[in-house]
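Remarks on the structure that follows.
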Amino acid sequence: MKSVWYKPSQKKVPAKVRSTARDPVKVFCRIRPLWNDESCVKVTSQTTVSLQPPTAGSSHCLANYKEILYTFKHVFDDKATQKEVFDHVALPLIENLIHGKNGLLFTYGVTGSGKTFTMTGEPQDGGIMPRCLDVIFNSISSYQATKFVFKPNRMNGFDIQSEADAMFDCQNELYAARPLKIQRKKESDVDLNQRIPDGTKIENVIEDNTYAVFVTYVEIYNNAVYDLLEEIPEETISSKQLQVKIVREDACHNMYVHSVTEVEVKSTEEAFQAFYKGQKRKRMAVTTLNSESSRSHSAFTIRLVQAPLDSQGEHVLQDTKAASVSQLSLVDLAGSERTNRTKNSGQRLREAGNINNSLMTLRTCLEILRENQLYGANKMVPYRDSKMTLLFKNFFDGEGQVEMIVCLNPSVEDYDETVHVMKFAEMTQEVQVSQPPAIKLDFGLAPGRRKANHIFKQALQMMEENGYGGSQIPEVDIGLVYSLGPPFPCLDMTDPSTDMLIKDLATFLELRMKRRSLLLKDWQQKCQHFHNKLREVEKEKLLAEHEHSSLQNLIDQERNKVSALENRLVSYESELMNLQHQVKEKETYLVSLKQDLQNQEMLLNKELLEKERLRKVYGDRIAAGKESVKEEEEEVEFKTQMKEQEKKLRKVKQNLTKDTCSSRHAPVQHTRFLATPSQPPVAPERNNLVSHVRGPLVRNPRHRRSQTVGDEIWLDHRPATAVELGTVMQPRMKRRKSVTKLTDIKHVANPKTTKYCLMSQHQDSSGELETHLYKADIFHTAEGGAQVTFNDVDSLKQQSPIATPSRKRSASTGELEDTETACAVSMEEYKRARH
Ligand SMILES: Nc1ncnc2c1ncn2[C@@H]1O[C@H](COP(=O)(O)OP(=O)(O)OP(=O)(O)O)[C@@H](O)[C@H]1O
């Protein structure tokens, strides 16, 4: 690897020579527009501007101030566009840069006067910096070197690498950059889509050179230098995390920021990415006079490395002497500010102090330089007093073109400070800067190498496409490759006595003839070489044809094999399709079977549930049956008792019959107790019909449901919500009066009404409907009142046909007879009789 150093200082120009080529610092003036304020600046021509003191009526009136006229290289009024400013100021610097010369451009002015606007501009209307990048890439884009061929060595120089090494570095960068992709996007989150690029292109670029562009971005804040492109973790993106850098002198006495990050960029967009990354870290703040005030000086430096191509016109010439580095520094100085106007305090005040100090140092340096130049003084220039002047020291010492744009805010409020700025600008114009001699990179290589190589490659490609047998071999313009050397020297005869010119011409011609014969020999050799090659190619062609025919046979054989295999494949495919069809059918059948199985399972579950329910119901019934059996046993016992009593009564009757037959002859009414469960014995006090007198068998009409009891009128009391029973097991009431509510006494007191029946319904514990019919006799009193005496209760229980299969149709009557209900009713009666 070879190193190339920042060129200009490498060849120190003797003071004598330097003094002959000097240029004054070019100072331009730009006036920013004023929106609603009184102006104190008037542009009088393209190069002059007059500063007018505020008028007597103005609040800013300053006594003893007169109108002053200032002359600059060019004055841009408030309507001047960014493009105009760029074309006038920066375009020549770009041309210089591409031709290996350095440049320094800085903006100077009061705070809020438009320095940043001029230097950076806005995305849709770029300032000087983006336009510089556009023009550089427009001009050199097709001559750029592979990335990493030139590599910064972190000591202000560059190493030259071979193409292979460069490619290796590229690969490494790609691997390393993958996780950083998202971060990169964030860094360049300024919308560049709305940007209108500058289309200017520098025409006379040396095509046989190869170029690489590098950028650095540093800021000088509180007299300390920070690298705005330093690689720091994303989360610590704030500029506070940046490390202070040292300004050093390299081996060739050039000042540079030690270990600054130098980014190789291949397009304007890549350069912007770097710029906006730095811009986000740059220290800006809101002040009284500017909502985005720069609190530091910033320098965006573009370095262009160029080196000639080798004799083949393919790769970079690996000769460090042939390479050159030129740089353009674009410096946006922080604005001078008076603390009584800005009302700054704390950190802002400290910043303002540092800004003013460094600007003052710049001013002092330029004044001393001017003094030294004008009066031959030899005062030491205090570059070291400020980091800013130290960093750009080389430029003032004569290493390149220096330009300054003085930005003016024409507001009368700024008048006082503008006067000082104008004085400084005027003085700066008088400073002369030595110009380094133009660098010549002539290494006797034939011009047009790149083009020739390009045409040669095209020709090769065409030959490959047409095949070696093709007759169309493009003609290569040999004249481009073969050159007889530099053009003829100047043949002007200034002095007739001098014979140097003829001697020089003779030497030149001799050299030219030598070169001609050399080239001719070379050409003949190449012709011979070409013929030999051609013969070899012919031989190769014959061999290739032979090989081709044998390969063709092989191909035919293979084709036959392939067609046989294809036939087999087709038969296998059809077989496979059949099998697939079968599999599908089976699958459908399986699905239907599964469905059936599911249905069966569901039915089974249902049946199990039903079974469980029935088990419960029958369990209940068995319990009820047991209960009824018990009751029947009691009933039997009761009947036995009754029979015994009857026997006893019969005996009593016989005795009585004997007695009465003998004593009385009047007819006797026979009565007897009913001993059936449906006719429980009724106490005499409860039933007036009962008599101690023996008479004919009396039946209790209350329990006859199938026929009319008599002519009595029933008061049928049923609630309105009563469920229709739908059974014959109800008292038959031939004549009745129905009520839903018993609120009126006259219903009961009606002398014709002799019977009362009250219906009540409710659900039993198993959820079945249970109906109670409470029956009573009504006894009317002499006063027109009534006494209701309950003497009977019928309980009707209904059950679902599923739950009670015992429901059966009576054969004799054809009516449905609810055995459960009958059983329940009889048991109720029995119970009542017992109690
Ligand atoms: N020529 C112009 N045309 C339109 N607007 C301008 C122009 N010059 C400056 N401005 C506007 O004026 C304001 C201040 O400009 P700018 O920030 O560039 O000032 P500055 O000199 O860099 O200030 P500071 O030194 O405080 O950083 C910005 O809003 C900018 O857009």
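Cβ coordinates are placed from backbone N, Cα and C, and glycine is handled just like the others.
Feature list (source: TrEMBL):
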DOMAIN    24-431  domain 'Kinesin motor'
BINDING   GLY109, VAL110, THR111, GLY112, SER113, GLY114, LYS115, THR116  ATP binding site
COILED    520-659  coiled coil
REGION    797-835  region 'Disordered'
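Under DSSP, VAL110 (ATP binding site) is assigned to a strand (E or B) in the three-state scheme. A 10 Å cutoff on Cβ-Cβ distances gives THR111 (ATP binding site) a total of 24 other Cβ atoms nearby, all chains included.
Listed binding-site residues: SER113, THR116; maximum Cβ neighbour count within 10 Å falls on SER113.
Between the binding-site residues GLY109, GLY112, GLY114, GLY109 has the most other Cβ atoms inside 10 Å of its own Cβ, all protein chains included. The secondary structure of THR116 (ATP binding site), as reduced to three states from DSSP, is helical. The Cβ of LYS115 (ATP binding site) has 26 other Cβ atoms within 10 Å, all protein chains considered.
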